[in-house]
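Asker: Attaching a single structure in structure tokens format; questions to follow.
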Amino acid sequence: MDTNGIKLTPKDIVSKLNEYIVGQNDAKRKVAIALRNRYRRSLLKEEEKQEIAPKNILMIGPTGVGKTEIARRMAKIVGAPFIKVEATKFTEVGYVGRDVESMVRDLVDVAVRLVKDEKKSLVKDEATKKANDKLVKLLVPSLKKKAAQGNNPLENLFGGAIPNFGQNQDEEEEPPTEEIKTKRSEIKKQLEQGKLENEKVRIKVEQDPASMGMLGTNQNQQIQDMMNQLMPKKKVEREVSVETARKILADDFADELIDQETANQQALELAEQMGIIFIDEIDKVATNNQNSGQDVSRQGVQRDILPILEGSMIQTKYGTVNTEHMLFIGAGAFHVSKPSDLIPELQGRFPIRVELESLSVEDFVRILTEPKLSLVKQYEALLQTEEVTVNFSEDAIQRLAEIAYQVNQDTDNIGARRLHTILEKMLEDLSFEAPSMPNAVVDITPQYVDDKLKSISTNKDLSAFIL
């Protein structure tokens, strides 16, 4: 986890969010305060810590205005485990479908991956050295010893598939001769100089366990985990390049070098203290009519989510995790329903409310130009790989923003995502022809934009389908 990130002041956090997200200052301020409060809580005495729960946030605003991106970027700034789920994917306990506890298990999986990646980075040099030593032996193998063992009758019955658990599965090798030692020394130098990266080598890799798809999602996962622990891991041979083999072997050696149990415990603590769960489309499970069966089911999902927000002990394959100090961010457009349509207990668990504004033409202009890797910069970089230089004029960017805004007004308002569809449509011909026009320079002007888009953007029926 990035310990420096969590110490950032709210101003610093907002400043970092501004590098990627345009506008929505109120939302940025509130998530920055929530993040800073976590740091403040970490400095308190243990008994004080237990009394202070995070203030969950409810974001209200149309799609494409930055709700998810603000939460995701915030988590990335501090290296906190983050998971996005959709409330509509869950079903009430007792029905077929995902139960709400699965989002906590998914968060723990993310935390485990974060912790293990960090620990692996600390032993990367040692793991890479071991991987290179192994590669040298694979490229210049010793003679194999003949296996002195009789046939197991069960092997014939099961097609030779009975593993010999009592013995080492790798074939034993003869001690290397002087000639082999000399060759290995030469190969080692060539490996260090990067001369053998494209050479092919055969290595043994763990085979992915077969999926058990006939059961429901959660039952499937639990039984799959149990079977994976009981059954020995099967390895298969693959022919890969030296470069790929080094990555695979280094990852395997890094796994062996880190303490798995300690890593799992640290991941559980990280998920408990720093985990962020983003519940999207929470407005879709809100209801103001409790008569229909569908509304009763939606209310059931709300009641299932409630204990997790209040603090529950959830069993995962890595151990039990407490949700009491996780930060939950609910989000929804609330076009049809209102936050007050959520059950009162759930409303009370989202004390911080923030309304995100719809995007204006000026916002679209800023989105196209200001972020660290804005959409315009992305397309310029992509086409530059084909040696095609694309230059967007300020007037062209203004025209693109106006068209995006107008199409959003005339059809469904999908916020900044409209810019993706419009840019893709405008640059479709150029992207197709780019490989055959090296060293070309293309100036994107308002006239170019209109030639490619005006006939579509002015026709509401066409723009509804194409843009």
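Just so it is clear, glycine is given a Cβ too, placed from its N, Cα and C backbone atoms.
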Asker: Quick check on the annotation: Swiss-Prot has Gly64, Val65, Gly66, Lys67, Thr68, Glu69, Asp280, Glu345, Arg417 binding ATP, so which of Val22, Val110, Val112 does it put in that site too?
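Answerer: Of Val22, Val110, Val112, Val22 joins Gly64, Val65, Gly66, Lys67, Thr68, Glu69, Asp280, Glu345, Arg417 in the ATP site that Swiss-Prot records.
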Asker: Give me the count of other Cβ atoms within 10 A of the Cβ belonging to Glu345 (ATP binding site).
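Answerer: Result for Glu345 (ATP binding site): 13 neighbouring Cβ atoms inside 10 Å.
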Asker: Select one residue from Val22, Val65: among these binding-site residues, choose the one with the most other Cβ atoms within 10 Å of its Cβ.
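Answerer: Selected residue: Val65.
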Asker: Can you tell me how spread out the ATP site is, meaning the largest CA to CA distance among Val22, Gly64, Val65, Gly66, Lys67, Thr68, Glu69, Asp280, Glu345, Arg417, in Å?
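Answerer: Site span for ATP, by Cα atoms: 34 Å.
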Asker: Determine the most Cβ-crowded residue among the binding-site residues Lys67, Glu69, using a 10 Å radius around each Cβ and all protein chains in the structure.
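Answerer: Selected residue: Lys67.
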